[in-house]
Amino acid sequence: MSEAGVIHDIGYQRYRGPRLGRLALQQALYVQGLRAAFGLGRSAKAKIFPWLVAGIMLLVAVILAAIRSQTGQVIFTYMQFADQMSLLIIFFVAIVAPQLVSRDLRSNTLPLYFSRPLRAADYVLAKYAAMTTSMWLLLGVPQFIMFLGAAFTTKDGFRGVWNELGDLVPGLGYSLLWALMFAGIGLLVASFTGKQAFAAGGIVAVFMMTTPIFGVFMSLPSTTANSLAGLTSPMFLIAGVGQWLGGGADAEWDLGRFGPIYGIEAFCLIVSCVLLLLARYRKVASL
Amino acid sequence: MTIIVTDGLTKTYGGGVNALADLTVAVDAGVIGLVGANGAGKSTFIKIMLGLVPPSGGTVRVFDLDPVTETDQVRARVGYMPENDCLPGDVSASEFVTHLGRMSGLPKTAARERASEALRHVGLYEERYRQIGGYSTGMKQRVKLAQALVHDPDLLLLDEPTNGLDPAGRDAMLALIHRIGNEFGISVVVCSHLLGEVERICDSLIAIEGGRLLRADRISSMTEASDILAVEVSDGTDDLAAALTGMGLQVTRDGRMLLVPMESDSSYDRILRAVADLDLNLHRLDQRRHRVAELFTKKETADV
């Protein structure tokens, strides 16, 4: 194909290597999304906010671990840590979710993805997995630091470490619940606009606006209304599920016998967010 | 080798808009021009070939694969360059093309190598680590071409590749496409509403209008010699026209030229004699070649 007379140019080389399947594409997109969540492989500017949030949370965890190891005092349990960090988590979602999905909408990159073997569902699932993982890491790593602080200074030997681990694992599970729900809602909101600032504002609004509703329900005289108040806000919904599963040891408000409802709503909310995302992208994918 | 075959291909969008109507065409490998005015159905045709929208009727086969059921195999062999701007501003061309290479199923190192290669071939080797946001329109078009090329497709679908380019950039882009089609061994479908530029680089041409096939043929057969003789004299064109008409020839006037149907080889002699009799200066007497544009001028005047 290349002419013999041309010697300064080695010409076009055909590719004869392997071509990977859709699972590999999904993985590659997942890894890229996870890296992008923390600004890795991106400009320095993109690293500021994710690492600011992560830094604060790590710092809090280190302080908590230090207090725990010096005085043996437990300020936050693992689950309380996630609840206390809720504002930072919202902040993180508002930064990362637009980064993951609004950017591709804004720059119109999606036709380039969907003219390749990748499908809309692959794209959505990879992004959702990346977002969830990044949030789980955001919460889980500080929790693990707290665990290390406690485990290395325990006075009960191996049994103490084992007990601490028994506290950590539900804590990590609770963080995963946070991650699954906030990733779903965050990505869904962000997938409706290409403007990252709008998306971030929308996400903060969705999470913040629901908090006053919780307050209104709590102020009602009915105990049933009080018990169901947490259903109105994602943050309190998760806290409610935590209380229900954790036995309601540190109840902020009384769930009554409505614990399972919290569980069902959380599950339905996560599933419907993912389904709506899939539906949204099936429409986008047809260009 | 025939790479694209359609039979009665029809696409009706919701609301009864006929984007493609009964399109039957067989396309050979090479550089193919897909010409038509805006809204003629070019983009719909491309989307159907990529398996992005299913046809409402008829069949289409790309490399003898069905884009509807064998989507992955088709897309692995096809590279697509969209018409619109589709590049994020805050990554480097190298990183972006590498990422899309991976999205086409290339392993990590292969994707990086092929991305560098593709960017080198489109002439962006030096600038590949700069952020795309700082690129000129011409450079962005090249990045778009590079991402379509990164996974070494057998067919490129280019939607208006010269959009927004200045004349020099336009020429460079067309030269590049010509090179891809002829040196790289990759077939290229170039969509355009500008016949003139496509005509220069294509082996064959598909013209569609309102979703219908206007004409599909090789460029060479479109421009083959016609049975018309063109005669041009310095002045006295009217006299010559009268004389030729008097000899029983059907003369039509086209600007300074007279067009005479060639009935036999003796037509040359008869015209020459008429010119000599009138003592005129003959500037030109030749057999007219069809220009591709003529095939469209009757129906399509707006964009060609």
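Residue numbering: from 1, along the chain as shown.
Glycine is treated like the rest: Cβ placed from N, Cα and C.
Keep in mind that TrEMBL annotations are predicted by a computer and have not been checked by a curator.
Annotation comment: TrEMBL describes A:48-67, A:125-152, A:172-190, A:197-218, A:261-279 as transmembrane segment.
Take the transmembrane segment (A:261-279) and the stretches A:125-152, A:172-190, A:197-218: counting Cβ pairs under 8 Å, A:172-190 has the most. Away from its own ends, the transmembrane segment (A:197-218) comes close to residues 90-91, 93-95, 97-98, 101-102, 182, 185-186, 189-190, 225-226, 228-230, 232-236, 253 of its chain (Cβ-Cβ under 8 Å, at least six residues beyond either end). With a cut-off of 8 Å between Cβ atoms, the residues of this chain six or more beyond the transmembrane segment (A:48-67) that come close are 37-39, 73, 75-76, 81, 85, 88, 91-92, 95-96, 138-139, 141-143, 145-146, 148-150.
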